[in-house]
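Here the structure is laid out as structure tokens; the discussion comes afterwards.
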Amino acid sequence: MGLTCQQLLQKHPQAWQEATIHPFLQECQQGTIQPQQFNTWLVQDYLFVIDFTRFLARILAIAPPHNFDILLAGLSALKDELNWFQTKAAERQLQLNTDKQPTCIEYCDYMQSLSATPYAAQATALWAIELAYNQGWQLPGAMPPPYTEFADRWGNPDFTTYVDFLEQQADAALSNASEEVQQQATAAFLNVARLEKDFWQMAYTVTSDQ
Ligand code: HMH
């Protein structure tokens, strides 16, 4: 019996809800988020995406060649995303050359540690990381400016299609996975869910230079 991404979502609804529904996103949708909190998230997410890019590059290095199309498109989109983060930070006069907060460090360290796990577990983590933002930014409904473009970046239909492809790739890798590998993939899913929840909460821990 294989494991699928949909089964992970069905078996762990609470963990996934906490990853994708948070006051931070609701306050963006209501336009009531404090700029300091939004800016804290923005800077920390830029630092996260740098390490996430490295994570995706390591996945590419062990992926079957028929997965290259999707993964290379993902890497290319991340190149644009990093440049976009720099533009957004400059607009808000934010210093990107800053320390990671403990939660951001933990998440980045966790992505690093996944390189010791089989491809199926890494592909599952990649799917979960992207789905968390795809659903998280979509669920509250349309967001007012200046948050519209943030919600669109991860909530747009092309990004949803990309996440669907990541799901297919993870499912294919999981389809012939041993019990042990399935457990590693489940652990990856649950760790991503927990770290996503913590990452939203981190926005409320404002550091002095933001
Ligand atoms: C914390 N999770 C976090 N940041 C992101 N930018 C994504 C997922 C989606 O790439």
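Glycine is treated like the rest: Cβ placed from N, Cα and C.
These features come from TrEMBL:
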- 10-205: domain 'Thiaminase-2/PQQC' (DOMAIN)
- ASP45, GLU81, GLU130: substrate binding site (BINDING)
- GLU196: active site, proton donor (ACT_SITE)
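This view paints the features noted in TrEMBL onto the structure.
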| residue | record | Cβ contacts under 8 Å, 6 or more apart |
| --- | --- | --- |
| ASP45 | substrate binding site | PHE85, PHE199 |
| GLU81 | substrate binding site | VAL49, ARG153 |
| GLU130 | substrate binding site | PHE159, TYR162, VAL163, LEU166 |
| GLU196 | active site, proton donor | ALA19, THR20, ILE129, ALA132, GLY136 |
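The maximal spread of the substrate binding site, taken as the longest Cα to Cα distance among ASP45, GLU81, GLU130, is 13 Å. Averaged across the domain 'Thiaminase-2/PQQC' (10-205), the predicted model reaches a pLDDT of 97.
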